[in-house]
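Worksheet for the structure shown next.
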Amino acid sequence: MGTLSSFSILSFRIRVNLINEAPSPIFPRQKVLRCSDTRISTNPRSCYLCGKGLRRGIQGQINNGGFDNRLMCFSSGSDGDGDSGGSSNDSNLATKEKEATEREEGGRSSSEDKSTSFSSSGRQPISLEGPSYNNFQVDSVKLMELLGPEKVDPNDVKLIKENLFGYSTFWVTKEEPFGDFGEGILFLGNLRGNREQVFEKLQKQLLELMGDKYNLFMVEEPNAESPDPRGGPRVSFGMLRREVSEPGPTTLWQYIIALLLFLLTTGSSVELGIASQINRLPPEVVKYFTDPNAIEPPDMQLLFPFVESALPLAYGVLGIQLFHEIGHHVAAFPKNVKLSIPYFIPNTTLGCFGAITQFKSILPDRKTKVDISVAGPVAGAALSFSMFAVGLLLSSNPDVAGDLVQVPSMLFQGSLLLGLISRAFLGYTAMHAAAVSIHPLVIAGWCGLTTTAFNLLPVGCLDGGRAVQGAFGKNALFAFGLTTYTLLGLGVLGGPLSLPWGLYVLICQRTPEKPCLNDVTEVGSWRKAVVVVAIFLVVLTLLPIWDELAEELGIGLVTTF
């Protein structure tokens, strides 16, 4: 707005030309007039325009009206409290008033509605929006920058652009924030050679130029409009500080938590061993654990005689999980990848829900991610299936009949794959009954294979999620994860364990793994085939047997359909 429209205060009608306008420190949304006189007074009873005092009578009228008392100056004529204005200022004001009047004649009707009018009858509304109310957002951003991870030095970015990238490697055309909090720099541009060779060359040059201060990542260009002309996706290079991008060391509290979880897992495994002897337990104990109407707990001392016989099964469950973790470490050692201590998750149904193992190093490429992720489940599944198969063979051996335990035959309907294998080993007569006599190794192998299958589900940062992310990329993991959550929510996979496992993943394992240094190069066909076969076996293991098929195969007694 160029001028302040005419208004009436105590029968005075004055027009003032706007020389410039600025936001008010008191009313952020109002524009405050300033006159050409740069002497702005700090007196609360002075004029915003020239800093001269207001007339006494006008001040009283303004104060009674309740709006700002520093609106305009009436000091052109000497009076009372007002300072006497110079003749040159009065002349300039009169000239500017005349010019303003001529400019306003043509558009007065429209400007009067949009002008800033002041009246002694009320207070002008104050907007709660403006720069002063946005200061909180600015301060919040500054606080996040202060508390967040340290960003890349702009001087280093300039030096790296000048000395690292170029016509022969990668021509930078644009820069964007990189990282979870924008603490890094993502260089976008055009690749000028083989991506693996260019990346290796850039890593060596960065090490020579900056030492070990930064880590360089080769990732797929986000929102790329077209693939790379040389084939494959377009690539870009991200840079993060080494202390920001690499995981921190394991703390003392983490060791303590891991130890407590291992002790709890040992207890849940022993409890599983005791529960497997349900046909030998005292009736009052069985009733308490099986009858939902039972309220008074039995004497727990009745369970002590069964602890010793439960230890072999507990050892088997814990041995499978330890073998699983050893598989991870064996695959990580040749790649110089450090892993955290395992955080075992206790579970009374399976003895253990597996363990959370974190990467303590940045993975060099996607092949390494697939190899380490698959190695643990393969090792655990191999030991579990060995126990399962040996247990089935011993279950048919009359010489070890004293070591067998009876379990409800309906348990074999919990897994399509394991139920069919058990049916093949034990036969129709043994399986088509209310209870089946089996060796404790069958229970240990069954629980180990089920736990391994749960951990190979392609979601989050589970072993299966890491394998799918390394083999097929992050977008494929999103699709697999959405499907997995849906099947778990519907109870299609895992039966009664689907809900607790789904909650566990959502709370602890839902976040995908961070990218590798080389997050672009493909892993090869045979690694992708291994991941696909593993997921297929996972589905067969966690898919329950429906009643019609169970009745036809003779797995358990199906009384209702």
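Heads up, residue numbers simply count up from 1 along the chain you see.
Note that Cβ sites are derived from N, Cα and C of the backbone, with glycine treated the same way.
Annotation source TrEMBL lists region 'Disordered' at 78-131. TrEMBL lists 95-115 with the feature compositional bias 'Basic and acidic residues'. Here TrEMBL flags 252-274, 374-395, 407-426, 438-457, 477-507, 528-546 as transmembrane segment. If you look up TrEMBL, you'll see 314-473 marked as domain 'Peptidase M50'.
Same-chain residues lying 6+ beyond the ends of the transmembrane segment (374-395) with a Cβ under 8 Å from its Cβ atoms: 316, 319-321, 323-328, 330-331, 357, 403-404, 418, 421-422, 425-426, 437-449, 451-452, 455-456, 463-464, 467, 530-531, 534. For the transmembrane segment (477-507), same-chain residues at least 6 beyond its ends with a Cβ under 8 Å from one of its own Cβ atoms are 345, 347, 349-350, 353, 414, 450, 454, 457-460, 462, 465, 468-469, 535, 539, 542-544. Confidence across the domain 'Peptidase M50' (314-473), taken as the mean pLDDT and rounded to a whole number, stands at 90. Remote same-chain residues near the transmembrane segment (438-457) are listed as 272-273, 276, 312-313, 316-317, 320-321, 324, 350-354, 376-377, 380-381, 383-392, 394-395, 400, 403-407, 414-415, 418, 422, 426, 463-465, 467, 484, 488, 493-494, 497, 501, 505, 534-535, 537-538, 541-542 (criterion: CB distance under 8 Å, separation of at least six residues from the stretch ends).
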